[in-house]
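Annotated in TrEMBL:
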TRANSMEM  A:20-42  transmembrane segment
TRANSMEM  A:62-91  transmembrane segment
TRANSMEM  A:172-195  transmembrane segment
TRANSMEM  A:224-243  transmembrane segment
TRANSMEM  A:255-272  transmembrane segment
TRANSMEM  A:304-323  transmembrane segment
Amino acid sequence: MTTPDIAMKKSRVPADLIEIGAMFGLLVATVSFFTVMAPGFFSPGIFTSMAYQLPELGILTLAMLLPILSGGLNLAVTFTANVAGLVAAWILVQVTGDASAGIIIVAILAALATGALIGAAIGALVAYTGAHPILVSLGFMILLRGAGEWFTRGGDISGMPEFFRFVGHGTLLYVPVPLIIFIAAVALWVLVLHYTRLGFSIYMIGSNAKAALYSGIDVARVQITLYALSGLMSAVAGIVMLSRFNSVRIGHGESYLLIMILACFLAGANPFGGFGRVLPVALGLVSLQVISSGLNLMGVSQHFATATWGIFLILVMVIRAPFQQR
Amino acid sequence: MSRFSKMAASLLAATSALAAPALAQDELTIGVVVKIGGIPWFNAMEQGIVSRADELGVNAFMVGPTSDDPALQVRAVEDLIARNVDVIGIVPNDAWVLEPVLERAREAGIVVISHEADNLVNRDVNFELVSSTDLGNAHANLFAEATGCEGSYAVFVGGLTVPAHNAWADAAVDHLRELCPNMRQAADRFGVAESVDDSRNTTLDLLRAHDDLAGIIAFGSQGPIGAARAVEERGVAGEVAVVGLFSAGQGQALVHRGSITGGYVWSPIEAGEAFVTLGAMLANGESLTDGAEIDGLGTVSYNDGLLFANMPLELSVDTVDGLAELGL
């Protein structure tokens, strides 16, 4: 990337608006399509159902987004989430007798710390060994999976206190709690990526790590921080899943991994890093959920629904191609 | 700020479209969520669901997730709640995971019928076409006869958290211990039996590790198939017993070659029909009683939400062709 920073910054603003507008248009298109095709789609029931389903995949995708923006990848997100969930579950199960709000807060903090720690370890390895993030995070993915299977003996930890279910199944002013958590997570990511020095550094490292280093960015520190944040967000997803499923097992949500990566690319994140915004990703995720719920409502085979996600992702990339000559 | 407002607008659209009325459904609607779609067992179950629905004049369909990740079943149930069905049928991958969402389904006034999950709490009734004890005992008897009570054995289940498979395995192991006090279990239970490859690999490993391996007892639809292939590859077909339940069509050739000893099963077609029969009964306010005669289920025993029919199907050289023809 030889263009000076200032020029890039200027040209990015309208591109952003086009991107968000396009993703919003796509969302409107999918919603309209199913409103016509699937009788009963445009109903409170369906939107409530989507509001409960979207956050798990959504929060995990946000965890994946930061490494992708930096030109890396974090394949360990689902297992980080479940290991963090295991930690929280383990603490909660110890005190099933009287689960006070205090214990729940301790469990949540411990889970977040676990996630951040795992992320920081991945980041440190990426930063100091220079190994490709795919290799490092793949190693961690296998490590966490094995450790989790061993710890739980392939089974699950279940039977969370009644109050804890609120996180995954409750509502606050008629809005499902998981959705509120997801919106807060999106807001946090917008803040970090677009309004802090860290966010700017992440984009710069993604564009050209060497140039970023020579321009005085502490690349190692930024990488450790961004993977720690990715781990932290995975832990949030782990907590939501723990509550939604009333149990944690190391394999929960395993099937989401590839979908998460694709959802990032769907919204214009560049596989080689440096480009991509949070809001298009969030809108893209809502579109994917609309497709999945809409097809379910039409009673279409789940395998076909998965294929449709694939078609959708390919279609978006084909349409995008002419505009991506940056 | 415009980004935020757009985001807010889209989310508002997603959550607060509460004005549109839910579609009224006059026809009784039954949705059955199974473990995984696209494998022969659940294809047969779908056949039963659809044909019985035609007979009774109700709308019934099956939802088969694309992998055995329990998270996908939760999503499927959530969409059924949204769709406002009258009855949800469920064959759980992991009972615990489904409790909260099934609780929500019942709060929404939906009848929940489960199959192969007798410890599920949030359900109206769980039905089995044959009780776990009867099924486990039948396999143990067959296994004892085939091995002559000598050597060690291993047990496969669909997953360590699949309640029914583990109950059968418990019953089979207990009964085998009585029948053959000298036999021993070579290793802990393996959760591989929904995958042909994993069952085959595990069996190959077991054959390598244990010289005295007398046989495999496999619960989970792909277990005997994988185990029998491994046994054939190592040239010990017939010497190492492979006992368990499997799809007749898939195991037909293996039974005729003697690499699968046999097993007992129930018909997934009949299970699919039972979902619809029971769903229609409960949705119409009929109650279940012990000793009742139910169309397609025979005389059932019923106690506190657990319903058992007694309809085991023997899988052997004599029966397997007929069952395969039925599409099993």
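Yeah, the Cβs are placed from backbone N, Cα and C, and that goes for glycine too.
In TrEMBL, annotation is done automatically, which means it is predicted and not curated.
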Interface-richest range of A:172-195, A:224-243, A:304-323 toward the transmembrane segment (A:255-272), CB pairs under 8 Å: A:304-323
Considering the transmembrane segment (A:224-243), which listed stretch of A:20-42, A:62-91, A:172-195, A:304-323 counts the most C-beta pairs under 8 Å: A:62-91
Within-chain partners of the transmembrane segment (A:62-91) [C-beta distance under 8 Å, separation at least 6 from its ends]: 103, 106-108, 110-112, 114-115, 118-119, 122, 126, 132-134, 137-138, 140-141, 144-145, 147-148, 151-152, 157-158, 160, 185-186, 189, 193, 202-203, 205-207, 209, 222-223, 226-227, 229-231, 233-239, 241-242, 247-254, 256-257, 260-261, 263-265, 269, 271-276, 278, 281
